[in-house]
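Here Swiss-Prot flags Gly16, Met17, Ser18, Gly19, Gly20, Val21, Asp22, Ser23, Met42, Gly131 as ATP binding site. The annotation active site, nucleophile is assigned in Swiss-Prot to Cys107. Positions annotated as disulfide bond by Swiss-Prot, on the basis of sequence analysis: Cys107-Cys203. According to Swiss-Prot, the site 'Interaction with tRNA' annotation covers His132, Gln347, on the basis of sequence analysis. The active site, cysteine persulfide intermediate feature in Swiss-Prot is assigned to Cys203.
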Amino acid sequence: MSESAPTPRRERVIVGMSGGVDSSVSALLLLQQGYQVEGLFMKNWDEDDGTEYCTAREDLADAQAVCDRIGIKLHTANFAAEYWDNVFEHFLAEYKAGRTPNPDILCNREIKFKAFLDYALMLGADLIATGHYVRRRDRDGRTELLKGLDPNKDQSYFLHAVGGEQIARSLFPVGELEKPEVRAIAEKHGLATAKKKDSTGICFIGERRFTDFLKQYLPAQPGDIETTEGKVIGRHSGLMYHTIGQRQGLGIGGLKEAGDDPWYVLGKDLQRNVLLVGQGNDHPLLFSRALLASRIYWVNPVELERPRRLRAKVRYRQSDQDCVLEKTAEGYRAVFDEPQRAVTPGQSVVFYDGDVCLGGGVIETAEAWDFGGRP
């Protein structure tokens, strides 16, 4: 990376500073590219008891240290009300309905690329920037969202619900880099976040056990655990604590005449409040041939007058899967070439055309794969 003086640009960019290494290096790179750069630290969660489970104070201090080091101003903004209304209430409603949501996707759409973008524009910014591992490309009069260059860190799955108009106002400096390069840049320039661990999990839960957190907001409704033959073999403490494909924490090991194969969650019967389980990592009911998705968001309009061959992910870090997508009266139906394991209602399916992230939606239902004949 050249150390020569950058050509000054007129564009003013406000970087979403999380207190992590990716946003830190993003701000530095933009400075080196000649942009007028400022930072903004978002607080999206307020604890009633004053306990900062999501390390907000530490993160703010790290963000401030980086901004001081590279010589830029740091703004702060509290989007906790917007987060509660537009992300957290939906998160609770999905769990109450027996689904397994992904709040990070809604947070990106409603907070980072809406509330933050609007706030930054109000402060006089021309553009915003984040430390996401994605890329953007302007083509044919619209802005496309592309996978990050580092396949191990690509975050396009989480940004699929952000519209092209918002992507067009956003920069992603580390999307062109691999993670080791980012840390090396941070270390070379003495940034406080150079060796800071990547954040994992959901911010508002932090280090707490997920079940303990959820109990604060949703009453647990215990019920039976049944096999696919209808035999009751245990009790669950609440359907919301379990997800399709789950193996750990079922409490049903060591049953007589059950064999040694581990038990897995195969489904949920919401009407009867029953958790359905089966044995074996390759249990047929763990695999699906197709899914139905709703609440579809496209980065840019997608033509689907006839079925279209695409690639898709039904979870983060999954390799792209070949499928055919068609629009039906019920929603968007994706039929896969190969069996898909543990397709989970409430999670997102995201569609790709090569490196271009087209968009995606929320999985409503999955169709079992017929291993006895044609799929």
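Cβ atoms are placed via backbone N, Cα and C, with glycine included.
Given the structure is predicted, the values throughout are model-derived calculations rather than measurements.
Residues Gly16, Met17, Ser18, Gly19, Gly20, Val21, Asp22, Ser23, Met42, Gly131, recorded as contacting ATP, have a largest CA-CA distance of 16 Å. On the backbone, the CA of His132 (site 'Interaction with tRNA') and the CA of Gly16 (ATP binding site) stand 10 Å apart. In this structure, Ser18 (ATP binding site) belongs to neither helix nor strand by DSSP; it is coil.
Shown in sequence order, Thr100, Pro101, Asn102, Val314, Arg315, Val362, Ile363 are the residues of the chain, 6+ apart in sequence, with a C-beta less than 8 angstroms from the C-beta of Gln347 (site 'Interaction with tRNA'). For the pair formed by Ser18 (ATP binding site) and the residue listed as 'active site, nucleophile', distance between Cα atoms is given as 14 Å, rounded to the nearest Å. In the three-state DSSP scheme, Cys107 (active site, nucleophile) is classed as helix. Every protein chain shown contributes to the tally, and the Cβ of His132 (site 'Interaction with tRNA') ends up with 27 other Cβ atoms within 10 Å. Long-range Cβ proximity for Gly20 (ATP binding site), meaning a same-chain Cβ under 8 A and a gap of 6 or more residues, is found for Asp59, Asp62, Gly131, Thr193, Lys196, Asp198, Ser199. Around Gly16 (ATP binding site), the same-chain residues six or more apart in sequence whose CB sits under 8 Å from its CB are Ser23, Gly39, Leu40, Met42, Lys112, Phe116, Ile128, Ala129, Thr130, Gly131, listed in sequence order. Around the Cβ of Cys107 (active site, nucleophile), the same chain contributes Asn44, Tyr83, Val87, each under 8 angstroms and 6 or more positions distant in sequence. The number of other Cβ atoms within 10 Å of the Cβ belonging to Met42 (ATP binding site), over all protein chains shown, comes to 26.
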